[in-house]
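In TrEMBL this protein carries:
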type	residues	note
TRANSMEM	21-40	transmembrane segment
DOMAIN	64-211	domain 'Penicillin-binding protein dimerisation'
DOMAIN	253-549	domain 'Penicillin-binding protein transpeptidase'
ACT_SITE	Ser300	active site, acyl-ester intermediate
REGION	567-593	region 'Disordered'
Amino acid sequence: MRAAWAFITRWASWLGVRWRAGVVLMVFAAAAVVLLGRAVQLQVTERDFYAEQGGDRHQRVQTIAAHRGMITDRHGEPLAISVAMHAIWIDPKVIGAHPDAVNRLATILDQPAAELQRRVREYGSRRFLYVARQVRPSLAEAVRAAKLPGVGLKREYKRFYPTADVTAPLLGFANIDDEGLAGIELSFDELLAGTPGKRRILKDGDGREIADLGVIQSARPGQDLALSIDRRLQYLAYRELARAVEEHDALAGSATLMNVATGEVLAMASAPSFNPNNRASIDPSVTRNHAVVDQFEPGSAVKPFTVATALASGRWKPSDTLDTAPGYRRVGGFTIHDHRNYGTLDMTGLLEKSSNVGASMLAEDLGAQVIWNTYRGLGFGQVTGVGFPGEASGSLSLWRDWRVADTAAHSYGYGLAVTPLQLATAYVALANGGQYVAPSLLRQDGPPDTRAVFEPEVADRVVGMLRSVVSPTGTAPKASVTGFQVAGKTGTVRRLGKGGYSRTDYNTVFAGVAPASDPRLALVVVLHRPNAGKVYAGDVAAPVFQRVMSGALRMLNIRPDNLPELPAGQIAGDRPPAVAPAVAESTRSREAG
């Protein structure tokens, strides 16, 4: 020892270092010897022990589910929300070595033990297998408390739709992994989905999580989405539509309500519908949003645009007349019929009586290109751009391909196809002073995109003419709304089949706006193939329009524009004057006679 100390002293001295520095060097040398000895011990003496521990404990990176954004109506009322749940998973390789754990897990999950054992054997080479998804919190807690080997829990979310079938064809639905599969859920999936996160965990040899080592990347929740829909109006539209589809034994139907000023869709109902909260029972045949993905020949519902085109051309005035006698005419080898001989009609009369003959006469004078330009300007033959998956573009062939008979047919709504949304958007243009307003399924906070289709004077004049359609002498008195002026048009259209136009199957449509003096709302109601006896739009679609429009005007507190005249001195809300007994008796006598 003395020799070693002498050596260190001489060595430090030789380096020119002071005595204390030599002491420090000695301490470092001793520490190095200790560390070297421990390394030898770990590598040789305790190697087997730590190898076993390393196999039993391992780190894993686990995905953190992102919360899917909420879908709301225009007022923030929830239409689709995600609720936190748990999934139960197993490591078949681990739990397969513990038969008792398999049986106990089956008992907790209320699953047949034999079936769970079969799955464990079948997937024995896998390290991850779901055995239950979207389980209630109490069940998840029971599984966690059991601390079974090879069993784990994973947080996930379940999509819930408070409005169920009322909005289902519009919203669509998300799958069990919270991914949009249809409707709004699909078209805005990227925005709603968010970004999953990651966390590092420590597991023991039985696959149980024994430590949370921290978040590597936080999950980013999806964005909320505010639709243009008003939930109150959606309930109203769906209720009346579903009632009509059932009453008339119709194949399907739709109701599309729009804000005239902004182009926002306030209600878009389809029937039949489905409950998206019960995915196991969803029938694909009832998931269609008929207002957007279905296209049909609109029939007489487009006659207002033919009349507007004639007035806009300067070749025709509202007072000009057409001789439609004897109620039919031959055009290009085809015979065009009216319901009966209406004789001489002015422009208002043409719309009131829905004369095919009169419309075809206007089209013949205007020419194919002029009619085509109007339809194209209204958005026919092209998608609206609302972004709904599977949206139909409708059908509008190039005017150069039209024969004379085609030009005539287009004037009263045959030979082209539109979606209910396209037709509603066209009526918005008519009601908005001739300005086409781009439709939207999202709440709009800024000014809408517009383009001129008609001059305001022309559009306003045609809206005024359409008031006659809901008069007692028009085709749709059942569309009238007490206290309001309504402007609209019926369409009763033969359905096209493999062998041509059916003589028994029809589509019925009523399209209109209100209040006619200052239009605020546009509504299109379509019922496909009513099969309970009544087939005319005035009997099938018009009453639905009346009930939906009447309710909507009142819900939105829109001022009436057609209140009855009050007797002098009477104020609105006063009781009417009592009827004298003698007058009352006289009235009863006349009614009895």
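Placed from the backbone N, Cα and C atoms, the Cβ positions cover glycine too.
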_Whole-number mean of pLDDT values that fall within the domain 'Penicillin-binding protein transpeptidase' (253-549)_ = 96
*Restricting to the same chain and to sequence separations of six or more, state which residues have a Cβ under 8 Å from that of the residue listed as 'active site, acyl-ester intermediate'.*
Ser354, Asn356, Tyr412, Gly413, Lys489, Thr490, Gly491, Thr492, Val493
*Tally of residues which DSSP labels helix, strand or coil - the domain 'Penicillin-binding protein dimerisation' (64-211)*: 52 helix, 46 strand, 50 coil
